[in-house]
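Taken verbatim from Swiss-Prot:
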TOPO_DOM  1-89  topological domain 'Cytoplasmic'
DOMAIN    13-79  domain 'HMA'
TRANSMEM  90-111  transmembrane segment
TRANSMEM  115-134  transmembrane segment
TOPO_DOM  135-141  topological domain 'Cytoplasmic'
TRANSMEM  142-162  transmembrane segment
TRANSMEM  164-184  transmembrane segment
TOPO_DOM  185-310  topological domain 'Cytoplasmic'
TRANSMEM  311-333  transmembrane segment
TOPO_DOM  334-341  topological domain 'Extracellular'
TRANSMEM  342-359  transmembrane segment
TOPO_DOM  360-654  topological domain 'Cytoplasmic'
ACT_SITE  397  active site, 4-aspartylphosphate intermediate
BINDING   599, 603  Mg(2+) binding site
TRANSMEM  655-674  transmembrane segment
TOPO_DOM  675-678  topological domain 'Extracellular'
TRANSMEM  679-698  transmembrane segment
TOPO_DOM  699-760  topological domain 'Cytoplasmic'
REGION    739-760  region 'Disordered'
């Protein structure tokens, strides 16, 4: 696929190629040897399961067609993949295979007319040319692949005057190879659909001209009509609409966008007209990074794959030597029935190609990674996928992960008679303007709502203390804002902190304001749980996974969250510093493989310590995204158990593929040893095993069959299905109308349990 990801200074372009000649990982070195000798190729990578080669090259030195020519000189059957190809081409077998098959069928009529037997030889000649070309290319590189082994089997059967079997070998091998290529191409279509999400054209709002997205710079205003895809990441500067973000986040419901809302490339404007000011170049958009991440993951090898590849290096030589022994030793011993032993040697020889076994892991991994990516669950490496299937403990951060991080100030007070509330709020909001914590935005919004204008320019020496709070110097005063621990930072003994928490119970997050060592103010913050958290925790428990919550918030706030989740969490730790979270993760890892889910700076050490770290891609900080092994593209925690089930299914498919590839070849060899050495069956088993492995792995690309939920939530006019006695409670999770209504709850628990004290 000639993809327009160019660097003007270096004239670089990324091109994608379908390379049918890649059967398994053993061909990767062949591709490498070819491309390293081509002038202008800067870097390349090979994705074996989809038979894809990705090449970054200088367009002034070499074109995609010249790269195709170089690959085809090695008989790799390469072609340029059109950009974002998403349709499956109906392709017939090669003319060689068709002619060979017709002649083979006609040769079976030899029992009625004996001269037709010679048509089998013609069938061999007609169909053997593609096999011969690939076999010669393989031998010249001092390798014995399945084409070379099959050619040896064909020549040997011809020498034994078994013409019909020779023709059968050629025809079955050609058809199986065609079916295998078609299946691999079908698997690659899903990956191609990811790359074609973002449109290639954008309309400049000022002029109405349509230009290539690669020519659109940052801060350019583009227009997007209803029904069109947003071309580049940006911010809405005019208009409003509903946007379908399912392609990136997996979120089924439209998201409302107004002025200053962030929008992403490849999402669809469902209604309305908007103008978007771009905030990134096309190559730096979320969808581009997402595609790159998936490609990198698919190129990576799992531990299982590395082990199988290592074993396969010794498998083929050992089998070839064994086949030679079965052919030579009977001759030396002057055994009478040499034909049987020669056929047995050929069966063993054809079984010497371990392609099916080598493909068993990467194809399943490829399909699982692709399916996860299309669901908004980005897994960075194959090893992460393997580890994900073995997780025993999942730890969650609270703020921004379990809860929405949409704080609301419920109480702000000055505790010093000499400082009025207006002045204190001005100090706090000015300092918080320099912080990226979700609580900071709530304090700023509260200040603006009471007509206090933050002035970040007056803040000096701003400092952030993870797990504690922030500091800033204003008007010659040292101001500290944070939780209990900030008191020690301010020089105030915690024992001297007034017990103001008694009036701030019921799960509210409490903040303190110090001027020097003196406590001068306090505030309360309210936060609610995300939709679906309780349901996700129950699903994890059904998978036999233990859940925990790690938070730097106070004990009351932590226990209030636990109550909202109907005590779904197994373990709750509160008032933790970032290093405390990392230490607890170490303790969990002693019990079993551990996963950490977080979204902020305070989670980075714990994410790094865990066997698997999941960062929230939409709400998460840049550091958390880099630290995490998996990126959750939306804030829907329910994708985590879904991703874990996919990982377990992938692990199961790998085992099935290994058993399938070994057992089929084993069965053919057993038949040979007990007196039925069928060479054509051995050829069919070898090529057929690869096909079965691919088809079995492609089951992972299907949607997982899920039970119909009793409760549905929608941001549009979609129907809501509740139990009959709960029809009135249509605003589950919002402020309840009465005490009677508040006692009712959503039947599935997807709205996070009891709804007491939740805010609209």
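In case you wondered, yes, glycine gets a Cβ from its N, Cα and C as well.
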May I ask for the distance between the residue listed as 'active site, 4-aspartylphosphate intermediate' and residue 599 (Mg(2+) binding site), taken between their Cα atoms and rounded to an integer number of Å?
8
Position of peak Cβ density within 10 Å, selected from the recorded positions 397, 599, 603:
603
Six or more residues beyond either end and a Cβ under 8 Å away: which residues meet both conditions relative to the transmembrane segment (311-333)?
26, 144, 341-342, 344-346, 348-349, 351-354, 357-358
Quick one: find which recorded stretch in 90-111, 342-359, 655-674, 679-698 has the most Cβ pairs under 8 Å with the transmembrane segment (142-162).
342-359
Per the definition of 3+ C-beta pairs under 8 A with sequence separation of 6 or more, do the transmembrane segment (342-359) and the transmembrane segment (655-674) touch?
yes
Over the span of the topological domain 'Extracellular' (334-341), count residues by DSSP class, listing helix, strand and coil in order.
4 helix, 0 strand, 4 coil
Can you work out which residues elsewhere in the same chain, 6+ from the ends of the topological domain 'Extracellular' (334-341), have a Cβ less than 8 Å from its Cβ atoms?
160, 326-327, 675, 677
Tertiary contacts of the topological domain 'Extracellular' (675-678), defined by C-beta under 8 angstroms and 6+ residue spacing from its ends, are 340, 343-344, 346-347, 668
Coarse DSSP state, helix versus strand versus coil, of residue 599 (Mg(2+) binding site):
coil
For the topological domain 'Cytoplasmic' (185-310), residues assigned helix / strand / coil by DSSP:
43 helix, 34 strand, 49 coil
So, by DSSP, how many helix, strand and coil residues make up the topological domain 'Cytoplasmic' (135-141)?
6 helix, 0 strand, 1 coil
For the topological domain 'Extracellular' (675-678), what does DSSP give as the number of helix, strand and coil residues?
0 helix, 0 strand, 4 coil
Below 8 angstroms Cβ to Cβ, which residues of this chain, lying six or more residues outside the topological domain 'Cytoplasmic' (135-141), approach it?
30, 33, 74-75, 147-148, 150-151
